[in-house]
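Asks: These came from Swiss-Prot, pasted as-is:
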ACT_SITE  Ser100  active site, phosphoserine intermediate
BINDING   Ser100, Asp239, Asp241, Asp243  Mg(2+) binding site
MOD_RES   Ser100  phosphoserine
Amino acid sequence: MRKFFGTDGIRGKVGAGKMTPELALKLGWAAGRVLSRTGTKKVIIGKDTRISGYLFESAMEAGLSAAGLNVMLMGPMPTPAVAYLTRTFRAEAGVVISASHNPYYDNGIKFFSTDGSKLDDEVELEIERELEKPLECVESHLLGKVSRIEDAAGRYIEYCKGNFPAEHTLNGLKIVVDCAHGATYHIAPSVFRELGAEVITIGDKPDGININHEVGATSMGKIRETVIAEKADLGIALDGDGDRIMMVNRHGKVIDGDEILYILACDAQDRGVLKGGVVGTLMSNLGLDLALKARDIPFARSKVGDRYVMELLKEKDWRIGGENSGHILNLDHGTTGDGIVAGILVLAAMCRKQATLEELTEGIKMLPQVLVNVRFEGTHNPLEADSVLSAQAEVEAKLGERGRVLLRKSGTEPLIRVMVEGDVASDVKAHANYIAEAIKALV
C-alpha cells in the first residue's frame, strides 16, 4: 500500500501533509539509499519556477548527498528536460521538483529512472520502505558532491530543435507561445524562434508566485485573445513544468490533446511510419475514437494518467498516446510527455502538408464534453454511494450510445472528477452538474 507516492510522485500544499522540508530531506536520503546500490551514484535535480523550489531543491540535495550520491543541479528546467538529461548524463535518476499545473502554493517531487522513464512501482515502494527507517548519514569521505550543469538550457534547446525535420523551416509563421510563467520561459521561445518563426511570448516572466496564474495550458483565455489580436497563425500553451501542451488556431479555437493526437497519428500514417494505433484515456473524447476509426487507426483507452498511457503503449508496442489535457507521448521522440516537442511535431505536420492547424483538424469532430471537479476530502468513497450510482445510471440511460459518463478520483488532488459527454452541449452540462450535486450532498 502506497503511503507517499501518488500517480505522479509526491504532491501537496507546501508546509502541510507530505510536502515539508523534513520529508524532502528524508526522501532524498531514502531514494539515495535505494539508488546507490547500483549504477553511477549520480542524480540530476531540476525544478519549475515556484518559490518553494529553492527549499525543496536544497533539502533533496542534502538528503541525496547524505546517502552518498553526487548531485547535479539544473535550476528551473522543464520536466521532459530532466528526463532527457538524465539519459544523456547516464545518471542513476532524475528528480523533478514541480506541481505541474497546480498553483504556486503546491509543490511536488517525482523521479525518472536512468532511461528517462518514470520509476517503476517496485522502486517507489522500496523508497517508501526506506523512509520508515531512521536517517543515517554515510561516513564523511563517502558523502556526495554537488555541482551545477551550466549549459542545461542550451543542451535541451538543441534536443528540441532536433525533432524538427531539417528540410523545413518555420519562416513566415507567427506563433504565440505561452510559458505559464513556468519552467519553459527561457526555453520554448528560443526553440521556435531559432526554427524560423516570429514568436510572441506571454507567461514568460516568472516571479515564484505567478506560475500557472491565468496563463498556460490550464487557462487558455489570454493566449486566445493574443492570437486573435496579433493575427498570429497559431498559439502554443504549455503548463508550469512543460510536460503538457494545448494549442490555439488562428481563429482562437482551442486545440486540445485529443486533437493533437489525431494530427500526429494522421501524419505518421500518411508517412507510413505509424506503428500500431493510438492510446488515449478514459477521458479521451469519443470524437477522437470515431475520427481514428474512420482512418482505420486502432484506438485503446488506459486509465487516466500519463503513467498508464505509457504502460499501455509498451504493452501494445505502439508509439503515440496521450491525454486530452495535453500530455502527449511519442516514443519515437522521447520517453515522457513533452509539450515543446509535441508542438514541434504538429508544426512539422503543418509544413509537410502545407496546411493550417484548422485544416489538420477537419477530420475530427469533438463531442461536447463537460468536466466538473468536486472537492471532496472525506474518508469514505462517494463513488460507491447509492445516491451517486443512481444519478449516474439515470444520466447514462438518457445519453444512450451517443454519450459517456466517467466518475473518478483525482490522483493528485482531493477532487472527484465528473465527466459527461454527449451530442447536445446544454444537456451534457446539465447532466454533469446533476451528478456533481449528488456528490456534493455527501460532503
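Just so you know, glycine gets a Cβ as well, placed from its N, Cα and C.
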Asks: Excluding Ser100, Asp239, Asp241, Asp243, which residues of the same chain place their Cβ within 8 Å of the centroid of the Cβ atoms of the recorded Mg(2+) site?
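Replies: Checked against the 8 Å cutoff, the neighbours are Asp48, Pro78, Thr79, Ser98, His101, Gly182, Ala183, Leu238, Gly240, Gly242, Arg244, Gly337, Gly339.
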Asks: Cα of the residue listed as 'active site, phosphoserine intermediate' to Cα of Asp241 (Mg(2+) binding site): how many Å, rounded?
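Replies: Cα of the residue listed as 'active site, phosphoserine intermediate' to Cα of Asp241 (Mg(2+) binding site) measures 5 Å after rounding.
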Asks: Looking only at Cβ atoms, how many others are within 10 Å of the one on Asp239 (Mg(2+) binding site)?
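Replies: 34, counting other Cβ atoms within 10 Å of Asp239 (Mg(2+) binding site).
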Asks: At a 10 A cut-off on CB-CB distances, which of the binding-site residues Asp241, Asp243 has the highest count?
Replies: Asp241
